[in-house]
Amino acid sequence: MPSAFQFQCHFILIFLAASKGETRYLEVRDAHEDEPFLLLSEDLKRELSAGQIYRRSLRCIDMLSIEGQFTFTAQQPELHCAIFFIGDPDELITIDYDFVNINCQGGDFLKVFDGWILKGQKFPSSLDHPLPTSQRYIDFCESGNIHRSFRSSQNVAMIFFRIHQPGNGFTITVKKNANLFPCNVISQTPSGRFTMVVPQQHRNCSFSIIYPVVIKITELILGHSNGLYLKKPSAGCAGAGDFVELLGGTGLDPSRMFPLADLCHSFHGSAQMKIGCDNTVLRMVSSGKHINRVTFEYHQLDLQQAENRKENSIEEFCFPSI
């Protein structure tokens, strides 16, 4: 049986994967079978020339992965709405309020969150984000014209809103900006290849894949050489200062996931792991004293797959989040 987390997260990614036949889970209460969501395909992105602005209306629960201008107009009281934004791993998201017509005194609100949050679990986690949680929310009703533009710290962001009066709503413009050193990332797809570089910065960076996957690390460059450990109560890389850990769990927040393996030595080769969890995270911890770099590739794990790969492979793990 798919877990609640899978239902919550995979409906978000359905916009990106449905056209490829990769989706497995869907639960969208506000969708109707005869009104399918617009699929934001690569073909659409190519068709939009540099001079064109893509425009469409928004739903109460929606997903955006493309630049453009978007308008929400309430047809009825909408009390529990959210828009999820996602870009490529090396992109940041800018959201500009072009027009806002809501009744803040009447209980309406419009809030941007720097990252994603589901059922109280955040990405990036509080341990990995440069801002405290309270500063990751920007409430339009409190800030007004002061904060009419917002830029995310990673490739995901979201808006929460509540509108009581039919006819009220807002218009936003979404833009993408290049991120030279992507740190915290949610993958749009269940397969890919990525290189994470942390250039002498004291920060933690997580790459989240909301699928069971086979993940293979092909290169790891750290500022020291200590060892490779399976996670045990008395062993690990925490004292090394710079290391990579693999996490697995059933929620969105990496800090609540189960640590599966630590890597704290540089190598060129292949370290592979099958992780049958709802969410897989590769997390790099950096002391700021070194330039750290990790290259890895991943693809969706076939849960019916019977054989374990033996070459440079670690046994399969999946534990519930703690």
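Heads up, residue numbers simply count up from 1 along the chain you see.
In case you wondered, yes, glycine gets a Cβ from its N, Cα and C as well.
Those TrEMBL annotations? Automatic predictions, nothing curated.
As annotated by TrEMBL, disulfide bond applies to C60-C81, C104-C141, C183-C205, C237-C264, C277-C318. According to TrEMBL, the domain 'Corticotropin-releasing factor binding protein N-terminal' annotation covers 52-177. Among the features that TrEMBL reports, domain 'Corticotropin-releasing factor binding protein C-terminal' is placed at 185-305. Look at TrEMBL and you will find 1-21 tagged as signal peptide.
Closest in space to C141 (disulfide bond), of the disulfide-bonded residues given as C60, C183, C205, C264, is C60, taking the CA atom of each residue. Sequence-distant neighbours of C205 (disulfide bond): residues of the same chain at least 6 apart with a C-beta under 8 Å from its C-beta are D128, P182, C183, N184, M196, V198, R283, M284, S286.
Ranking the disulfide-bonded residues C104, C183, C277 by how many other Cβ atoms lie within 10 angstroms of each Cβ puts C104 at the bottom.
Ranking the disulfide-bonded residues C104, C264, C277 by Cα distance from C81 (disulfide bond) puts C104 first. The Cα of C104 (disulfide bond) lies closest to that of C60, out of the disulfide-bonded residues C60, C237, C264, C277. Averaged across the domain 'Corticotropin-releasing factor binding protein N-terminal' (52-177), pLDDT in this predicted model comes to 93.
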